[in-house]
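Just below is one structure, and these are the notes that go with it.
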């Protein structure tokens with residue numbers, strides 16, 4: 001089986017933000033995130049993810065507009081719940097928009113969206129995007145209250161924040177976070193949601209997450225960009241997709257259990 005060409009097993013969303021970070025570090029026109037996205041598709045990416053931040057620290061408006069008509073898969077645009085970003089998203093029309101929390105001083109997204117605390121605002125954003133024909137995803141912590149609130153907004157998709165799992169430093173903590181994520185997946189499914197996941201996943205920690213049968217899609221960026229320094233961009237994408245699909249397929253064999261998750 002060609003792992004990087006296995007649709008329907010588990011989807012890989014390649015995040016191109018940090019290709020733009022490299023470009024912007026020198027104020028050049030290279031490396032081109034658009035070219036990176038198209039090459040990622042050729043290497044087996046099922047979608048391209050990019051985050052248009054309010055401060056435009058990596059992806060620029062022009063990147064999103066240039067990329068949208070060129071993609072053969074689909075665009076997953078991450079953005080904050082602000083009127084400016086919602087209007088941009090509705091104008092460009094990506095297939096998916098993932099609403100994320102955003103603070104200017106953070107290095108990367110530090111936690112999930114507080115749907116419970118900002119319910120009315122998030123619900124209104126979901127309605128505006130859905131009205132433009134865009135599928136909405138909410139990037140949330142693997143918490144039952146947040147999942148229930150996400151379902152109540154009308155969003156059809158949640159992306160579970162895997163950062164605490166990725167940052168866990170001992171076996172007990174890793175196992176606890178995997179259990180937390182698996183229960184959140186089950187809760188999301190119970191509410192009729194499509195469940196995705198991402199944040200902090202790399203080549204040696206993605207396997208237990210990819211093995212969880214209820215997860216449809218993983219969005220991974222920094223690890224692939226970093227690995228590409230040594231392995232090459234398309235090889236890095238192919239390797240990640242192969243690891244994910246192998247983990248999922250091995251988990252669906254009769255004798256397999258979810259790695260790291262106690263029964």
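Cβ atoms are placed via backbone N, Cα and C, with glycine included.
The annotation 3-amino-2-oxopropyl phosphate binding site is assigned in Swiss-Prot to 15, 26, 200, 221, 222 on the grounds of sequence analysis. Secondary structure at residue 15 (3-amino-2-oxopropyl phosphate binding site), taken from DSSP and collapsed to helix, strand or coil, is strand.
The 1-deoxy-D-xylulose 5-phosphate binding site annotation in Swiss-Prot covers 17, 18, 53, 58, 108. Listed in sequence order, the residues of the same chain lying 6 or more apart from residue 58 (1-deoxy-D-xylulose 5-phosphate binding site) and placing their CB within less than 8 Å of its CB are 17, 18, 20, 21, 24, 51.
All protein chains included, residue 51 (active site, proton acceptor) registers 24 other Cβ atoms within 10 Å of its own Cβ. Annotation note: residue 51 (active site, proton acceptor) sits in a strand segment as assigned by DSSP. Taken from Swiss-Prot, the feature active site, proton acceptor covers 51 (among others), and the record attributes it to sequence analysis.
Secondary structure at residue 78 (active site, proton acceptor), as computed by DSSP, is strand. Residues or ranges marked as active site, proton acceptor in Swiss-Prot: 78 (among others).
Annotation source Swiss-Prot lists site 'Transition state stabilizer' at 159, citing sequence analysis. Of all Cβ atoms in the protein chains displayed, 32 besides its own lie within 10 Å of the Cβ of residue 159 (site 'Transition state stabilizer').
Taken from Swiss-Prot, the feature active site, proton donor covers 199, and the record attributes it to sequence analysis. DSSP assigns residue 199 (active site, proton donor) to coil, not to a helix or a strand.
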Take the C-alpha atoms of residue 199 (active site, proton donor) and residue 221 (3-amino-2-oxopropyl phosphate binding site) and report the distance between them in angstrom, rounded.
9
Cα-nearest neighbour of residue 15 (3-amino-2-oxopropyl phosphate binding site) within the listed recorded positions, 53, 78, 159:
78
Taking every pair from 15, 26, 200, 221, 222 (the record's 3-amino-2-oxopropyl phosphate binders), the biggest C-alpha distance in Å rounds to 25
Counting other Cβ atoms within 10 Å of each Cβ, which of the recorded positions 17, 78 scores lowest?
17
Drop a 10 Å sphere on every Cβ of the binding-site residues 200, 221 and tell me which sphere holds the fewest other Cβ atoms.
200
